[in-house]
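To start, the structure itself, in structure tokens.
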């Protein structure tokens, strides 16, 4: 029997959807009956190319000759998903709602629409990053465009900050921890393969921990955002306070970086961060049928990792969630000059390496295989942490040397407190096989060897 702890705040981890205001007139759309209209909505051909930097960096299309997410279902626990968005049309199941699409009035809760409507835009953006089709107008595409989405609505607005959420639980996004655990259980009952949770609790609730453990036991890959209260100048304690479900065993915790591969100011950090992914100034589908151009935070970062997991699930259907997690962490590209740090985990998620490299039981050998996209001067000015980016550029050689030295000494180990039994390493050269598709110069590997000793 599940206990019923006191209600705690649940925060959707985005800097993009907060404080939505009325926008300029948009084309007629199923989401037009929402009271809150998107503030940053633009038509597809007005999305700046600079805001599509994550897909140029991650290059998931190199994996598509071998996996596109076909046959894989990703549950998105969020604000719902606008199922009739052109890039998601035909990919979204009906799902289930645990809160009304917009109303927070307990007497006005309509849960009969499933979760195929979204009046926030957060869930639609997350789903688009995971499985969106390619846009003919701007080239946006999701990580695993043939995956299906199971929307589960557990939110209907984004509070300005955690304090507001704590002070007024009737006017925020919250479902309580019991409904959230029930949402995970529902996803398990629907035989999903991956669960994306771009949100966080600041308190460890046994009822959620139990649901997470059951999902892992059911063979489901769980991905969660690390949280967006990482600004140490504003709240040093919150910056390193564990986020749940990211901190639970068996969950891949994801932090956020900008286009310079530097941790964003808001991204929380600690031992629960396993990898990082893009999380600033990102173009993504909007619930009004158009695009938002400033999506981000650890919400988007988690979605990129969930999409990568969907590709791996298709390629390696017999792998356990632990093996998927190990593959993602073990093939992450170092961005901090070390095998692991609390700020960056094991590095930037690398879908190409994750899908094509084989791991052995030896120590990992991290490499700097990713380069930030080339930005114009104006684009650089629009980014945060310009000074830190310059330090990154000047220290890249030192970081590479440190990585090389660590590999030689054999001191790098894939190890974290909550997963002390996990060990990984690169395969030897003789384990490589030729690519299945002659047109893609990437080496495929067969499975994982030596995961458990």
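The backbone N, Cα and C atoms fix where each Cβ goes, glycine too.
Note that this is a predicted model, so its numbers are computed, not measured.
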Per TrEMBL record, range annotated transmembrane segment [choices 369-391, 392-414]: 392-414
Rounded to the nearest Å - Cα separation of residue 122 (active site, charge relay system) and residue 299 (active site, charge relay system): 8
Euclidean distance between Cα atoms of residue 78 (active site, charge relay system) and residue 299 (active site, charge relay system), Å: 10
Active-site residues (78, 122), the one with most neighbouring Cβ atoms at 10 Å: 122
Number of other Cβ atoms within 10 Å of the Cβ of residue 299 (active site, charge relay system) across all protein chains: 35
Collapsed DSSP category at residue 122 (active site, charge relay system): helix
